[in-house]
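S.K.: Below is the structure I would like to discuss, written out as structure tokens.
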Amino acid sequence: MCTLFKGILHRKEAKSPRHLYYCLLRQEIFITVELDFPAGRHRAAVATADVCDSNAALLVNGDLRALDPIFKIYGRRLAFSGPIVTVKVFEDNVLVRQLLETEGNGRVLVIDGGGSTRCALVGGNLAQWAHDMAWAGIIVNGCIRDVDEINACDIGVRALGSNPLKSNKKAVGDKHVPVQIAGTLIHDGEWLYADSDGILISKTELSV
């Protein structure tokens, strides 16, 4: 992908007619920059409503489930999807940080914080770190903080709400375990699809 930047030389820079002519010749300067996006982060958006309409049988047998609509939308990326990584904690975000410091490769971190709203499990620094490490999104069954910073970050985030209090730092919890969130049992390695309509969990990757 390429981006064009346009540089303008102002007339006041000219010191002589010849210099003015030289400036006019070089008035428009275009620079091509190659932007390399980590694989998987920018998957084509899949509308959750279309996924449901196209996979009625999977909804019936439970291979496709919708989370209860309890989450608020944060972050600039409104729609995202990817393989799930689970972590179970309670008012402690050390394991969350450990996971987000690894390469995301377009995955989605699902954090079961027990539904506690007494402190935040993800803040602006972690959200930016997740973006830099190519995570597609973060689901928090709990709270976030630094809302303005997260909303300025190109990543998808869902949470129950916000709380300015930070969490404990005792490294208590479990990674890659089944978690029960919003009426649904979620397993590590399943797929998550999220957009403005809601959040879906699928046993496998889907297409419409």
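Just so it is clear, glycine is given a Cβ too, placed from its N, Cα and C backbone atoms.
A TrEMBL annotation is a machine prediction, not a hand-curated record.
Got these off TrEMBL a minute ago, pasting:
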type    : residues                               : note
BINDING : Gly123, Gly124, Asn125, Leu126, Arg145 : substrate binding site
BINDING : Asp146                                 : Mg(2+) binding site
S.K.: Which is it, of Gly123, Gly124: the one of these binding-site residues whose Cβ has the most other Cβ atoms within 10 Å?
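M.R.: Per the Cβ count, the most surrounded site is Gly123.
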S.K.: Return the count of C-beta atoms lying within 10 angstroms of the C-beta of Arg145 (substrate binding site), excluding that atom itself.
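M.R.: Taking every protein chain into account, the count is 20.
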S.K.: Same chain only, sequence gap of 6 or more: which residues have a CB within under 8 Å of the CB of Leu126 (substrate binding site)?
M.R.: Asn93, Val96, Arg97, Leu100
S.K.: Give the distance between the Cα atoms of Asn125 (substrate binding site) and Asp146 (Mg(2+) binding site), rounded to the nearest whole Å.
M.R.: 9
S.K.: If I take the alpha carbons of Gly123 (substrate binding site) and Asp146 (Mg(2+) binding site), what is the distance between them in whole Å?
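M.R.: With the alpha carbons as reference points, the distance is 5 Å.
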S.K.: At the Cα level, what's the spacing in Å between the residue listed as 'Mg(2+) binding site' and Gly124 (substrate binding site), rounded?
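M.R.: On Cα coordinates alone, these residues lie 5 Å apart.
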